[in-house]
Amino acid sequence: MSECTIDVAKGIDQARFPDLQSRVLVVCTIITIIDGHDTQMIGFAVPAMAGDWGVSPQSFTAAATVGLIGLTVGGIIASAIGKRFGRRRILLASIAVFSVGTLATALATTPVELVVLRLLTTLGMGGLLPNLVAVIPEYCPARRRLMSVTIDLAGLGLGGVLVGFVAVWVLPAAGWQGMFVAGGAAGLCCGALAMVAVPDSIRFFTVIGRYDTVRELLARITGSAAAGNTDIARTS
């Protein structure tokens, strides 16, 4: 059985755009759409929440503020630890945190409870984007990297647009609680989809020495069975 040495980055860059890379892009973009949807959702829910709780909309200023803090802090933390522990692991943890936080928000009864839950939820939301935009380029050839990241980032805006249509349908039927239940459930579905469809970074597997996994992924990316019989060249 002949062996050769393959540069991981070069192997990815020279590949076309097979099923694995397309699947990673599609799933990550769906997650980004749900992230954009759930980030903007509270703006549509506040009027109904204020009416139910008998408070003014100004009472939700603190929730909006901690939401921005959570997004920022979550992004910083996820960026710092994603490279060390693996993008996929942190991505799944972020999805779980924001999904559970969104579902729990449906049980909130006061603005104070909302502040706590909003902080938890946005910490998870903030952790999504840095790892999504890190995973996608690592599976895309250089010539399509910018386009792929742009498509994913466009999901944020699309999610923000979709939440308006969802609110028109869900608010009259299920109230603001239904909005958060729907958003949290969608997040959990995305988490399950990511577990099945999104592998960890191929470069991460290279760094930690899981070369059998690297060979398997390279074979799927390049469409060449010969990639399964290669020595792996690590590059920075």
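Glycine residues also receive a Cβ, built from the backbone N, Cα and C atoms like all the rest.
Predicted automatically and left uncurated, TrEMBL annotations should be read as such.
Per TrEMBL, the features are:
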type	residues	note
DOMAIN	24-236	domain 'Major facilitator superfamily (MFS) profile'
TRANSMEM	59-78	transmembrane segment
TRANSMEM	90-109	transmembrane segment
TRANSMEM	115-137	transmembrane segment
TRANSMEM	149-170	transmembrane segment
TRANSMEM	176-198	transmembrane segment
Taking a Cβ cut-off under 8 Å, which residues six or more beyond the ends of the transmembrane segment (149-170) line up next to it in the same chain?
25, 28-41, 44-45, 129, 132-133, 136-137, 178-179, 182
Please report, as numbers and ranges, the same-chain residues at least 6 past the borders of the transmembrane segment (59-78) whose CB is under 8 Å from any CB of it.
39, 42, 46, 49-50, 53, 90, 94, 111, 114-115, 118-131
How does the model score the domain 'Major facilitator superfamily (MFS) profile' (24-236) in terms of mean pLDDT?
87
